[in-house]
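**Q** First the structure, then my questions, so here it is.
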Amino acid sequence: MKRFGKMSAVLALTFCMSVLGACANGGNNQTGAASEGSATKAGTTITLGFSQVGAESGWRSANTKSIQDSAKEAGYNLKFSDAQQKQENQIKAIRSFIQQKVDVIAFSPVVESGWDTVLKEAKDAGIPVVLTDRAVDSKDTSLYVTFLGSDFVEEGRKAGKWLSEQYKDTKEDVNIVELQGTTGSAPANDRMAGFAEVIAANPHLKVIASQTGDFTRAKGKEVMQAFLKANKDIDVLYAHNDDMALGAIQAIEAAGLKPGQDIKIISVDAVKDGMQAASEGKINFIVECNPMLGPQLMKIVKDVVDGKSVEPRIVTEETTFTSEQAKEALPNRAY
Amino acid sequence: MSKIYKHHLFWPLCVLAALLLFNLLYSPDFFSITMHDGHLYGSLIDILNFGAPLMLVAIGMTLVVATKGIDLSVGSIVAISGAIACLTISKGTDQNALGLVTFSILLAVGLSIILGAWNGLLVSVAGIQPIIATLILMVAGRGIAQLVTDGQIITVTSTSYSYIGSGSLATLPFSIFVVAIALVIALLLTRKTSLGLFIESVGCNPTASRMAGIRATVVIFAVYIFCGVCAGVAGLLLSSNVSSADGNNAGLWYELDAILAVVIGGTSLNGGRFYLAGTVIGALIIQTLTTTIYMIGVPPEITLVVKAFVVLAVCLIQSETFRSSIVYRRHKRQDTMKKEVARRVS
């Protein structure tokens with residue numbers, strides 16, 4: 001009898017829970033239906049599914065914020081998903097976007113390869129795909145509409161051009177040291193290639209040492225310190241990002257030299273700390289690598305939905321800063 | 001003479017000397033040390049300064065390895081402690097205030113004690129294999145560090161905080177004194193008290209040690225806490241050296257360098273024996289090698305290969321089996337048993 005009592009209690013509990021569960025389900029369905037209704041009523045609301053790499057750097061966070069803000073401004077329904085630097089999360093996100101029948105899918109691929117299957121699924125479902133910031137190595141370019149992002153080689157060229165301009169009348173050798181990004185990464189390879197291509201025109205511009213600083217401040221400082229010991233006469237430092245330049249500045253100051261004067265410094269990215277250093281005259285020239293892709297992305301999305309043709313490669317609008325320009329721009333920088 | 005040859009520090013010191021000699025031949029300026037704004041300045045000083053965090057982590061790691069354990073989470077603890085300290089300071093109104101800096105340091109050290117205790121708990125009480133138990137924090141810790149920094153690099157402008165990692169005391173980098181203090185504490189505790197013997201006996205055989213009346217659980221718990229604290233302080237040194245905390249990259253792969261330093265120093269991963277001085281020399285070898293590679297301009301693509309070859313050479317030189325197999329080609333093999341006994345006794 002006692003046992004039966006227990007059993008009935010359990011049964012009663014299960015029943016209650018299932019009823020409650022049903023209620024909850026009902027609620028969900030209702031809200032789902034409501035939102036669907038409003039979407040069809042508005043008729044023109046564009047739904048954009050965006051899968052971000054993660055939140056691994058200040059640059060990336062600024063990129064995310066730009067996309068969220070400009071989607072809100074454009075009045076698009078943004079479905080945002082963070083992949084936490086994992087490709088499988090990103091593939092899952094894209095599949096769920098396909099199921100939800102979004103109008104456009106945009107994403108920054110974590111890695112270059114392995115996208116053909118999921119992109120084909122999107123193509124079969126008739127959903128256009130836009131790549132932002134990073135490219136994929138897929139041979140079939142019909143799988144995506146366009147690639148919106150920085151041209152790293154061009155960034156290197158811009159750095160090289162400024163330097164050539166500064167030293168165009170020089171009769172003496174100019175000794176350049178280079179802090180590379182993570183060995184083998186696309187920004188590191190391309191920024192090095194673009195820079196080398198431009199300075200090759202002037203035989204006096206010589207890269208006397210080039211070593212990786214892994215895009216970090218600590219490594220930038222350590223490597224620069226070794227450069228300063230090994231080479232007595234360094235005229236120019238070219239760093240592939242601001243963080244390494246900031247680390248190197250500390251090393252230069254520790255050696256009793258004046259960054260920006262004794263050693264001219266060129267860097268890429270234009271993040272806030274870098275711009276701060278530039279406005280203080282410690283970095284002479286910064287090539288911007290713009291994370292604010294949002295407005296351009298929204299424009300592309302609009303064009304794609306309207307059925308207009310879009311260029312297969314769209315380069316981000318980017319500028320450069322000298323110390324003076326950095327001082328002016330600094331108060332308005334978003335990142 | 002043969003006694004010097006048999007000393008456990010002989011081979012590590014030889015390697016270090018060889019590296020330094022190579023540098024001397026390659027660039028005679030390597031050993032030049034000049035006075036600069038009231039502190040010494042030169043490559044050797046750089047090696048000491050940049051090697052300090054690694055030495056610290058490796059000292060902690062030595063004791064863990066001596067108990068036949070391993071701590072993979074040190075890199076993550078480095079990142080967390082630096083992140084917490086920089087976050088606290090950056091939130092303060094006056095970043096230079098000594099009280100704030102002290103508070104942030106204590107907070108970071110306190111947190112590393114907790115993290116070390118977590119490792120110790122998993123290994124000693126829960127009985128999880130050390131490599132797995134600490135792997136948990138190694139993976140989760142990176143996430144925690146990024147959570148603390150919000151994925152951003154936190155820059156601090158506090159000169160009192162930057163003193164820890166880049167200031168100098170009595171013309172030498174301050175960080176080297178931190179290492180010296182940690183080393184002296186570890187040496188005193190393990191060699192002047194019976195704690196060292198306890199650690200070694202637990203490393204040899206925890207069950208037998210327990211039977212002999214040593215509380216193995218407590219010993220293991222304690223070494224993981226010590227290792228955590230060492231890593232935490234190393235995190236402070238690293239983040240203060242560049243006045244910023246980077247949750248993503250600070251202390252990345254530090255655990256591997258630390259384990260390497262321990263092994264180069266002559267401590268066996270099988271536990272039961274440890275050499276703190278050897279570990280410090282091991283860490284110095286690694287840092288000297290890194291600096292050498294930067295100085296002589298090895299292309300970044302093959303840097304790791306060069307490092308690997310030097311490490312391989314170091315390990316082979318250290319291996320008694322390898323050395324004797326070379327000697328065997330010329331002489332008759334000596335009585336290995338006798339050698340082994342002599343080594344154990346010495």
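Keep in mind that glycine also has a Cβ here, set from the backbone N, Cα and C atoms.
So TrEMBL lists the following for this protein:
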- B:9-27: transmembrane segment (TRANSMEM)
- B:47-65: transmembrane segment (TRANSMEM)
- B:72-90: transmembrane segment (TRANSMEM)
- B:96-118: transmembrane segment (TRANSMEM)
- B:130-149: transmembrane segment (TRANSMEM)
- B:169-189: transmembrane segment (TRANSMEM)
- B:218-238: transmembrane segment (TRANSMEM)
- B:250-267: transmembrane segment (TRANSMEM)
- B:274-296: transmembrane segment (TRANSMEM)
- B:302-322: transmembrane segment (TRANSMEM)
**Q** Are there residues at least 6 beyond the ends of the transmembrane segment (B:9-27) whose Cβ is under 8 Å from a Cβ of it, and what are they?
**A** 43, 264-266, 275, 277-278, 281-282, 284-285, 288-289, 292, 295-296, 310, 314, 317-318
**Q** Under 8 Å, at least three CB pairs between the transmembrane segment (B:302-322) and the transmembrane segment (B:96-118) (pairs 6 or more apart)?
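**A** Between the transmembrane segment (B:302-322) and the transmembrane segment (B:96-118), contact is absent.
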**Q** Answer with yes or no whether the transmembrane segment (B:250-267) touches the transmembrane segment (B:96-118) by the criterion of at least three Cβ pairs under 8 A, sequence separation 6 or more.
**A** no
**Q** Taking residues 6+ outside the transmembrane segment (B:274-296), which of them lie with a CB under 8 Å of any CB in it?
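**A** Cβ under 8 Å, 6 or more out: 8-9, 12-13, 15-16, 19-20, 22-23, 26-27, 30, 43, 46-47, 50-51, 54-55, 58-59, 61-63, 65-66, 179, 183, 186-187, 190, 196, 199-200, 203, 257-258, 260-267, 303, 306-307, 310, 314.
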**Q** Short question: most Cβ pairs under 8 Å with the transmembrane segment (B:72-90), which of B:47-65, B:218-238, B:250-267?
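**A** Ranking B:47-65, B:218-238, B:250-267 by Cβ pairs under 8 Å to the transmembrane segment (B:72-90) puts B:218-238 first.
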**Q** Among B:47-65, B:130-149, B:250-267, which stretch has the highest count of C-beta pairs below 8 Å with the transmembrane segment (B:218-238)?
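**A** Against the transmembrane segment (B:218-238), the leading stretch is B:47-65.
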**Q** Residues of the same chain, at least six outside the transmembrane segment (B:250-267), with any C-beta under 8 angstroms of its C-beta?
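**A** Same-chain contacts beyond the ends: 8-9, 11-12, 15, 53-55, 57-58, 60-62, 65-66, 70-79, 82-83, 138, 145, 231, 234-235, 238-239, 273-283, 285-286, 311, 314-315, 318.
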**Q** What same-chain residues lie close to the transmembrane segment (B:47-65): Cβ under 8 Å, and 6 or more beyond its ends?
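**A** The answer is 71, 74, 78, 130, 166, 172-173, 175-176, 178-179, 182-183, 186, 190, 199, 223-224, 226-231, 233-235, 237-238, 241, 251, 254-255, 257-259, 261-262, 265, 267-269, 271, 274-276, 279-280, 282-284, 286-288, 290-291.
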**Q** Are there residues at least six beyond either end of the transmembrane segment (B:130-149) with Cβ under 8 Å to its Cβ atoms? List them, or say none.
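**A** Same-chain residues near the transmembrane segment (B:130-149) but 6 or more away: 64, 68-73, 75-77, 79-80, 82-84, 86-87, 115, 118-119, 122-123, 245-248, 250, 255.
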